[in-house]
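Below: the structure, in structure tokens.
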Amino acid sequence: MVQDLEQKLWSIASGIPFSSDYFLQASPIRKLKKENLFSKVFETYFLELGSGWGEVAISMALQRPNTGFILMEKKFDRIRHTIREIEKHSLDNVKILCVNFNWFLEEVFEENLFSEILLNFPDPWPKKRHHKKRTVNSKFLESLKILLPEKGKFYFATDYGPYARKVIRLFRDSKAFSPEKVELKSERNEIPVSHFERKKREEGKRIYYIDRVLVQK
């Protein structure tokens, strides 16, 4: 039963109604390695989970040509927009994976592949009965430990205070991650501002930035 469900999810994950040279294809039998992500091997690799319209990664890719950027996004309209932007800027260091990362993550990539992973504004699922649907949980932290090397960085942002506090508690309990300077930041300069983030700021919402370094595998 579990195996049948997993096969069905893989089938859904690989069912993209259009093609592009910027797509990566996930496989249930072979993990993606740095050698088969791009036409060349980059110095470092950056993974954005839920890349939306792609503006954050594209802005960073323009500034960091020696880093390969992998974007995981499941919504087709956002993927199409991102592809147009990649083509507009003639970027050779951005690829897209149309896979729901809440289904498959460490199953897709080889260990220690990414030096940085970004998760911006995931659904906070505010109702208590929906908390189990939240992306960041103890299992997710184990996935981060697999994908990041020691000293690898994880960037997280939310505009929902209770979610931020829960994430902080999870990291405290993990012991594998350490804040770079402080547990919670009100500003972040390393990552460009997304459309969603700008909108929330204009609405007067407080943004919670939680960045961590993997210190123990």
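Including glycine, each Cβ sits where the backbone N, Cα and C put it.
Per Swiss-Prot, the feature S-adenosyl-L-methionine binding site maps to Glu48, Glu73, Asn100, Asp123. What Swiss-Prot lists as active site is Asp123, and the listing cites similarity to another entry. If you look up Swiss-Prot, you'll see Lys127, Asp159 marked as substrate binding site.
All features noted in Swiss-Prot, drawn onto the structure.
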| residue | record | DSSP class |
| --- | --- | --- |
| Glu48 | S-adenosyl-L-methionine binding site | strand |
| Glu73 | S-adenosyl-L-methionine binding site | coil |
| Asn100 | S-adenosyl-L-methionine binding site | coil |
| Asp123 | S-adenosyl-L-methionine binding site | coil |
| Asp159 | substrate binding site | coil |
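Fewest Cβ neighbours within 10 Å among the binding-site residues Glu48, Glu73, Asp159: that distinction goes to Asp159.
Maximum intra-site Cα distance, S-adenosyl-L-methionine binding residues Glu48, Glu73, Asn100, Asp123: 15 Å. The Cβ neighbour count for Asn100 (S-adenosyl-L-methionine binding site), using a 10 Å radius and every protein chain shown, is 14. Among the binding-site residues Glu48, Glu73, Asn100, the residue whose Cα lies closest in space to that of Lys127 (substrate binding site) is Asn100. With respect to Asp159 (substrate binding site), the closest of these binding-site residues in Cα terms is Asp123, chosen from Glu48, Asn100, Asp123.
When each of the binding-site residues Asp123, Lys127 is scored by how many other Cβ atoms sit within 10 Å of its Cβ, Lys127 comes out lowest. Those residues of the chain, other than Glu48, Glu73, Asn100, Asp123, with a C-beta within 8 angstroms of the mean position of the S-adenosyl-L-methionine site C-beta atoms are Leu49, Gly50, Ser51, Gly52, Met72, Lys74, Lys75, Phe101, Asn102, Pro122.
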